[in-house]
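**Student:** Please see the structure below; I have some questions.
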């Protein structure tokens, strides 16, 4: 998936969003990219508490009824990404690349996407690895990053969720990605202190831009969605 280094990447930092709002925005941008009305884009956000169920997910992946989740202030959203259940909440960095796969190589895209997160964690002194048969990145047996994507007309949407400052116990309301008793962990848990999520964002942008060969001015191209 070679690109010209002068190709620019549009960064859309949405701040805190409702999941449904960000999902709608992804679909709009992906449709525009497929129609060649816009270029590649990277959406960055944090979400209000939400459980999402992917294409292979079901209510069997919930440890509480949807009504109980709602009472606790947690939305449940059924989406068209791969995978089963995951949780989103404040303190978690979520990245949605809207990228046209010019050579239709989904495997290479996933490798570069996970490599971008792995390198970001490494800058903060955290070693992470993939596990056979399990999506995401792990520190020991604990999961620190979830991944689930979708592709339409060879344009990607959905993406990754990196646990930065969020409380891993929030995942207790689901069976994470279909793996019972899966331990979850955050960067803050590992390092023993909360992080400046803006610094984590900037490092991820740098690593993502490097691997996908984009030119990106981190200051001037970071912008609001609306």
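Just so it is clear, glycine is given a Cβ too, placed from its N, Cα and C backbone atoms.
Note that the structure is predicted; figures quoted are calculated from it, not measured.
What TrEMBL lists as active site, acyl-thioester intermediate is 177. The annotation substrate binding site is assigned in TrEMBL to 81, 82, 83, 84, 85, 86, 87, 88, 146, 147, 148, 159, 160, 161. The feature domain 'BPL/LPL catalytic' is assigned by TrEMBL to 36-216. The feature site 'Lowers pKa of active site Cys' is assigned by TrEMBL to 143.
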**Student:** Could you measure between residue 146 (substrate binding site) and residue 177 (active site, acyl-thioester intermediate) for me? Cα positions, answer in whole angstrom.
**Tutor:** 8
**Student:** Going by DSSP, give the three-state secondary structure for residue 146 (substrate binding site).
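**Tutor:** Reduced to three states, the DSSP call for residue 146 (substrate binding site) is strand.
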**Student:** Measure the Cβ-based neighbour count of residue 81 (substrate binding site), defined as the other Cβ atoms within 10 Å of its Cβ.
**Tutor:** 22
**Student:** Check the DSSP secondary structure of residue 83 (substrate binding site), expressed as helix, strand or coil.
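**Tutor:** Note: residue 83 (substrate binding site) is coil by DSSP, not helix or strand.
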**Student:** In sequence order, which same-chain residues at least six apart have a C-beta under 8 angstroms from residue 85 (substrate binding site)?
**Tutor:** 51, 52, 53, 54, 57, 61, 62, 174, 175, 176, 177, 178
**Student:** On the Cα atoms of 81, 82, 83, 84, 85, 86, 87, 88, 146, 147, 148, 159, 160, 161, which are listed as binding substrate, what is the maximum pairwise distance in Å?
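**Tutor:** Overall maximum Cα spacing for these binding residues reaches 16 Å.
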**Student:** Express the predicted model's confidence over the domain 'BPL/LPL catalytic' (36-216) as a mean pLDDT, rounded to an integer.
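**Tutor:** Computed over the domain 'BPL/LPL catalytic' (36-216), the mean pLDDT is 95 on the 0 to 100 scale.
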**Student:** Determine, to the nearest whole angstrom, how far the Cα atom of residue 81 (substrate binding site) is from the Cα atom of residue 143 (site 'Lowers pKa of active site Cys').
**Tutor:** 19
